[in-house]
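Contents: one structure, followed by commentary.
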Amino acid sequence: MKVLDFPSSKKAKELAVKYGYDEFIVRRWLHFFGDETEDIIRAFEEGIPKYIRINTLKIDEKGLLERLESRGFKLKKTEVPYCFEVVEEPYSIGATPEYLMGYYYVMDKSSCIPPLALEPKPGEVVVDLAASPGGKTTFLSMLMENKGAVIAVEPQKERLQPLIDNINRMGAMNVAVINVDGRRVPAMGIKADRVLLDAPCTGEGIIHKDPSRKTDRGKEDILFCSSLQRELVLAAFDCLKEGGVMVYSTCSLTPEENEFVVDFLLERRKGVVEEIEWGDEALALPGVKNEVSKARRFYPHRHQCSGFFVARIRKVGDSKAKPE
Ligand SMILES: C[S@@+](CC[C@H](N)C(=O)[O-])C[C@H]1O[C@@H](n2cnc3c(N)ncnc32)[C@H](O)[C@@H]1O
């Protein structure tokens, strides 16, 4: 496994200096995204709108809009179901009684895509293999109408309480939290209908929230994350029943954490990549199978959300694991 790098250029140097980036990131973006690189950078500088996801376990759309509008908030429906843009925010949208009562979750529009792409059904068994703080766990539970089971996996002890608090706040009654490394879950013998892996990543797609990522994430971080992601993506797949579906997502723009991880999975296991309704084609990269381009990318300048990657993969045929 290697991290791609490209020769420096005048343009890369200029953009890096102008916007305070490590040139390594900019020259890679220029290679992957060409002329849109500066649009991406500018979108991060200007900031991304805030979004909420309604919790239909507790309130309907009309009821929520009426309550928030009466407090002076203005909300706009987005192209993503259940997701609203916060257009006017007289005070923090995370400080209302409706928030505390779990009527909505403050989460990016892109973050709503993985649970929707997974399409969990009431009564199914669903694993969320990297769960905290629970934006997607509680969305899965909502889409399942609180029926069936969501197994929420989180290895970091300090991240358990926020996950549990959000599950309680949102009234998600069908969730079991387990404090274990996701790589150990297949050995527990779980066979799920669906698995979500919203993987730990470098977060190159959330520079607007954390500008330190302009300079703090280098080759070593990409290598570390992509190697963990490769182990986790196999674990996620191995938790699936035959015919089951998994979704792999990250909030990173690097192909090493995205297209290459899905390609690696398809090398090792029998899966097919399926279409997703939202977003733009994944990158076509040398050596990566064509079907990986069915995965979806989300960009701050095109979709007004965090940089995100989402792939939906179905387990097919005889998927006996090859020895690692
Ligand atoms: C991107 S965050 C998940 C966000 C969450 N899905 C949500 O929507 O609120 C990634 C999570 O993976 C967890 N994680 C890190 N290493 C892991 C591992 N080996 N197995 C499972 N989860 C892991 C991190 O602690 C972190 O909570």
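For all residues, glycine too, the Cβ spot is worked out from N, Cα and C.
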Same-site S-adenosyl-L-methionine binder from ASP181, ASP216, given that TrEMBL records GLU154, ASP198: ASP181
Surrounding CB atoms that lie within 10 Å of the CB of CYS251 (active site, nucleophile), all protein chains: 23
Beyond the site residues GLU154, ASP181, ASP198: chain residues whose C-beta lies within 8 Å of the centroid, for S-adenosyl-L-methionine: ASP128, LEU129, ALA130, ALA131, SER132, VAL153, PRO155, GLN156, GLY182, PRO200
DSSP-derived class (H/G/I helix, E/B strand, else coil) of ASP198 (S-adenosyl-L-methionine binding site): strand
Nearest-integer angstrom distance between the alpha carbons (Cα) of GLU154 (S-adenosyl-L-methionine binding site) and CYS251 (active site, nucleophile): 18
Between CYS251 (active site, nucleophile) and ASP181 (S-adenosyl-L-methionine binding site), the C-alpha gap once rounded to whole angstrom: 20
